[in-house]
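The structure appears right after this line, and notes come after that.
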Amino acid sequence: MTVPNVKLNNGTPIPQLGFGVWQVPDDGARDAVAEALRVGYRSIDTAKVYENEAGTGRAIAESGLARDEVFLTTKLWNSDQGFDETLRAFDGSLERLGTDYVDLYLIHWPVLEYDRYVDTFKAFQRIRDEGRAKAIGVSNFTVEALRRVIDETGETPTVNQIELHPGLPQDELRAFHAEHGIATEAWSPLGQGESLKDPVITEVAAAHGVTPAQAILRWHLQLGNVVIPKSVTPARIAENFDVFGFELSADEVARISAVPGQRIGPDPATFNLR
Ligand code: NAD
């Protein structure tokens, strides 16, 4: 099965479907990533704060795949923001990952109150110019924070990775991203499992003979989102990858977009943990 690529605004292709490893311990990440690569995923999303960069990197190295066959994302943690701090933190991530570059480096949260994300992004530009990150982007950025990065660095981040699932379709941010050529990457795309029980989703899934998780992932793909579901269960890892053999109608996409719900994670406008 071939996963389509989304072309980022710097020309770098990112697989539209990848695999996330939040809340997976380091050893478990090694196993889960190995399984995901075996099934066919070619994009892996980790972060310094997940404490599983080492296991993730080992699984990639042991997979038998060439490094350039896997799109690897990691993220800078909040306490590492600032120009010099970022350069140091990035060295640590590369060392744990056991690689000399990442495909995508993201600022994990803007931490608006700390107000260091513009300087942090300038350090990201240096890392990218050195060839140690193929693309640079952000996560959990508000429209206001995106505007400041664009205005003050003259560069538009390639990606904004945000909480997005049925019940939180993020229409305003998706419209801003579309206008500025920023790819929308959806975290907690399955609502951490919560969205799977919604009656609209179970009905749409049944109509296509697929599972609720597959129907939701298909909804993301048809909206144009890059999506990174997580599971440590081999059957689910395979199930979440098997989403290219059916298509939702425009009406089904609209019905899933209208499912009621709310944010599960912190609100980026007020999340100031360091
Ligand atoms: P998710 O929406 O991918 O849900 C994962 C959970 O859903 C699993 O733990 C399991 O309980 C359930 N599940 C998965 N597949 C299933 C299936 N086929 N059938 C039934 N249940 C299934 O949630 P997530 O892990 O929070 O998000 C995915 C990834 O996004 C993370 O692993 C991480 O890489 C990234 N993420 C990023 C941020 C950020 O701040 N940038 C925050 C959270 C997550």
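Heads up, residue numbers simply count up from 1 along the chain you see.
Cβ coordinates come from backbone N, Cα and C, glycine included.
Nobody curates TrEMBL annotations by hand; they come from automatic prediction.
Residues or ranges marked as active site, proton donor by TrEMBL: TYR50. Neighbour count (other Cβ atoms within 10 Å of the Cβ, all protein chains): 22 for TYR50 (active site, proton donor).
Summarising the annotation, TrEMBL assigns substrate binding site to HIS108. Cβ-based neighbour count (10 Å, all protein chains) for HIS108 (substrate binding site) stands at 20.
Here TrEMBL flags 17-258 as domain 'NADP-dependent oxidoreductase'.
Among the features that TrEMBL reports, site 'Lowers pKa of active site Tyr' is placed at LYS75. For LYS75 (site 'Lowers pKa of active site Tyr'), the same-chain residues lying six or more positions away in sequence with a CB closer than 8 A to its CB are THR46, ALA47, LYS48, VAL49, TYR105, LEU106, ILE107, HIS108, SER139. For the recorded site, LYS75 (site 'Lowers pKa of active site Tyr'), the DSSP three-state label reads strand.
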